[in-house]
Amino acid sequence: MGKTVIGVIGGSGVYDIDGLENPEWVTVDTPWGTPSDQLLTGTLDGVTMVFLPRHGRGHVHSPSSVPYRANIDALKRLSVTDVISVSACGSFREEMAPGDFVIVDQFIDRTFAREKSFFGPGCVAHVSVAHPTCPRLSDACEVAAKASGIAVHRGGTYLAMEGPQFSTLAESKMYRESWGCDVIGMTNMPEAKLAREAELCYASVAMVTDYDSWHPDHGEVDVAQIIATLTGNADKARSMVSRLPGLLGSERAPCPHGCDRALEFAMLTAPDKRDPDVLAKLDAVAGRVL
Ligand SMILES: CSC[C@H]1O[C@H](OP(=O)(O)O)[C@H](O)[C@@H]1O
Ligand SMILES: Nc1ncnc2[nH]cnc12
């Protein structure tokens, strides 16, 4: 048994969490650049917590400029074992209404202007993301959300778009009708892929703020409308997060789904062909297997 360290990546509207004992904002340097912000560390019910605002305090990063690799590396460097991603999203389903939470379990990645892997020339590795989220961690999020009185939907496909503009009407209809997506956002990819490469359990809690543009009764999306819903959603998210330490506990058994062993058979580059400079950058993410 190891120790549970819960990492929370807060999306739009979620720039801190409350109730931490011994809270401290710490600076973490990574070989992949500077994370979105300092990370807030502390304990909650005896469990170490690490919080990172995805866009930085004051919302300084766009979805395309979020330093996803630095963020995941920084969480790993602080010994995080389980990452809960909290994000605002648009909904493609009538029943997934603004204010509801969706525990996402699949993604379609339409992003194209982001670094998507820690690996590459000098150390090639391929991990599976067939099941990109962790069922054990998602269970805890579902229980925590329900206990907080939140309307929560278990399972859903998240379309990750590049942004920053919202979808056209034709795109919105295609994602919903042809591609079977349930929600849309701009940030969960490559975040989820990188978390898997870093052997972190990852759960995505998507908080619905709007119906994107497909819905005949709701017209087009605008940020004013999103922000109006975001404030309430952020309070609900903080309530959900506060229940996670009690549910996960401070002692951690290995992930039954293998998230924490994702690199076990992933490395292709022969040991004698690996580039030492590349290996040095991978110390936090892949040190366990290198
Ligand atoms: C607030 S409007 C669009 C913005 O909100 C979402 O951010 P996050 O996923 O970090 O909560 C969405 O992905 C866009 O970045
Ligand atoms: N409709 C939408 N599209 C993309 N990202 C979003 N974030 C919140 N609402 C969104």
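Cβ atoms here come from the backbone N, Cα and C positions, even for glycine.
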From SER12, SER138, SER239, SER242, the one annotated by TrEMBL with ARG54, HIS55, SER87, ALA88, THR187 for phosphate:
SER12
Count of other CB atoms lying within 10 Å of the CB belonging to SER87 (phosphate binding site):
28
At its widest, how many Å does the recorded substrate site span between Cα atoms of MET186, ASP210, TYR211, ASP212?
15
Which recorded positions from the set MET186, ASP210, VAL223 come within 10 angstroms of SER87 (phosphate binding site), judged by C-alpha positions?
MET186
Cβ-Cβ under 8 Å from ASP212 (substrate binding site), same chain, 6 or more residues apart: which ones?
GLY90, SER91, PHE92, PHE166, SER167, SER172, ARG176, ILE184, VAL221
If we check Cα distances from MET186 (substrate binding site), which of the recorded positions ARG54, HIS55, ALA88, VAL223 wins as closest?
ALA88
